Amino acid sequence: MNPCWRFWSAWLCLCLIHLPISSPLVPNLPLAPNPGKLILVRHGQSLWNANKTFTGWEDPDLSEQGSREAIHAGRLLLAKGYQIDVVYTSRLKRSIRSAWEIMTELSSVHLPVYKSWRLNERHYGAFQGKSKVEMAQKLGADEVQKFRGGLFERPPAMSLKNAERYRDRKHADLSTSQLPRTESLYDCMTRTKPLWEDRIKEDLRRGKNVLVVAHGNSLRGLVKMIDEIPDNAIKDVAVPTGIPIVYKFNRKIQAIEDENEEGNKNLNMTGVFEGIVARRVKGQFLEKPGLLRDALKREQAWQQKVPGLDDAAPISGERSQQQLTPMEQSLFKLQDENNLMDSPTSTSEPETLQNDTATLANPNYYSGKRLEAYQDKCAKNVVTFSDKVKVPIRKDSVVVIIRHGKTSHNQLGLFTGWEDAPLAEEGREEARQAGKLLKLHGFEFDVVYTSWLSRAIETAWLALDELDSLWLPIIKTWRLNERMYGKLTGLSKKMVAQRHGQDQFMRWRRGYRDRPPRVSSFSSLYPGNDERYCKDGGLTDVRYSFSESMIRTWESGRLKLHRKLPKTESLSDCMKRTIPFLVERVIPDSINKGQRVLISSSENAIRGLLMHLCDIPEDRISDLEIPNGLPLIYDVNSRCIKLLDDGSGRDLTEVYNFGSAVDLLFRPCINEDGEEEEECALIVEWPEIRIPIPADDAPPPFNLLSNLTQEEREELTLL
């Protein structure tokens, strides 16, 4: 027998001897784990909630208050120690954005998110888009409330022509029978039930904690099914915005009281939420409804009276000097919100600062966040267009590849690798501009692929937000992660070059088969010590590691299987996981089906994609540089990379650094006969039919057009 195998066999026997007799031999045993918990969150206030409009399947965004409600919900879950494994939401923007805000607070944006039309809000038929107040005045408050609160009552149906308006790209997969013209609460509950029975309950049985972020009526339907609320009592149950409701289950997936929680009785429910206690809803509210809303109203009153109040940091000066982790930042902010809730409600208005030289009476005064808000408002009018002119949507199959926007590590010249460095503000702007540029050129997508690293996920998210396509499926995979830099992770590139010499530095950084020094099994840099990668069910396409399994078995006193995760990678190692994912997953599942694909990833993973797509040899691939935030357009038919004209008239190959392998990236296009195209445009020209027209109250166009001369700007304005 091989001496190495003798050693490992002896070690395994020693480990088994030290295991307690009751220890399971397989980590997934027992087959029936304790059921997971279900967390229900109604989306934050939408713009239409704020003005009391029937919303239904219409798609308004969150209001500022709604965004803060969603963030607060995430902080409540964080403070209570809840962890989630999978997320379900509807296909409507207000629900999807609320889920994103919650996941961001929980540092869990890598989790799978399933966007289902079955969780959409109830369809209000002909009432959609109508004022609730006006309809109550017109039909009578009792009649309108009957439609809103009853189980079987339906509002007047929408016309067939108007109903077809909702067969947009979000709901293109729905049949005619599935596309409603009006719905009762019972209808809404009926379409939600299959998702509950077939997917959510199954996840709970497997021990997964499930977060469902949806709408008032789709959640009321779930609450009715879970708590078995009688038909005549559902009208008494209301679901507030932004307050998590947590359910605990027995092995039969029946809701039970959580002995570790205080219970809803102690929250002193009032008003429309009294039914929660009266009907003995077993889901635990993590906060009394209305507290945050009242606190925000008081904060707003002070901001209107005290100039610059909103510029003050919510974290005290002593804490703001410290380097806080994302968890610490969230918990401190939650603490400040709770302090604001606990402050006594004053009957008198806050006094205006009479002696301050910079008061609201001065129209030229803007404090920090007020100025930012003004700039954000202007940014939405960066390039506005005549509604009568539209760019033709690109229907052909295409692959758009974007390297994530800059992170603080990029700005400081640090090796990042698998370390989850967030986007810097510059990187967020790069991602937004990428989305705007794609929209200007008429791009739409059918599916998005990205890594498990938040910088790539957020880049995709911000680009999709500009494209108004947050509902698209986002497939997240570790195989698109950046190269694992081993012990170099987090170190300054200049420092590494100074310590080890320029030649060694370049071999580690640019060598195709050279690996940096590997980290140990106990290092915080090792992905196997990151819960995202070692959690049961997280990685299923990676083989188990015998040595790592033995280490963790010895440490825990029970048999634990551990996946083989990289402790360092060469560029070649990175390609060996990236290219197979492209060939075995992206090409057959998406590209070959004619889908339009967006890929957001990191530089070395993108090198692997381009190496395969553009036939770049391995001895030249490390010479290729990938600019941050720049869309690279791979034309599937002509098999070449193109760039998008940004309207500045610049030569983009000179503006951006593509490295010395630029000639291999931008090769001539191939026609249907397999020959080089005689006319192959490197840059897709700015759409001539889209002429920017500034809004009447908007400043001159900037950002995308920032490189135009003043004379060109004036000419453009005249046009």
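For all residues, glycine too, the Cβ spot is worked out from N, Cα and C.
Less than 8 angstroms from the CB of His43 (active site, tele-phosphohistidine intermediate) sit Leu62, Gly66, Ala70, Arg94, Ser95, Arg97, Ser98, Val213, Ala214, His215, Thr241, Gly242, each of them six or more residues away in the same chain. Sequence annotations record features per position, and here TrEMBL assigns active site, tele-phosphohistidine intermediate to His43.
The active site, proton donor/acceptor annotation in TrEMBL covers Glu121.
Marked as signal peptide by TrEMBL: 1-24.
Residues or ranges marked as site 'Transition state stabilizer' in TrEMBL: His215. Residue density at His215 (site 'Transition state stabilizer'): 27 other Cβ atoms are found within 10 A of its Cβ, drawing on all protein chains shown.
Summarising the environment of Glu121 (active site, proton donor/acceptor), the number of other Cβ atoms within 10 Å of its Cβ, over all protein chains shown, is 27.
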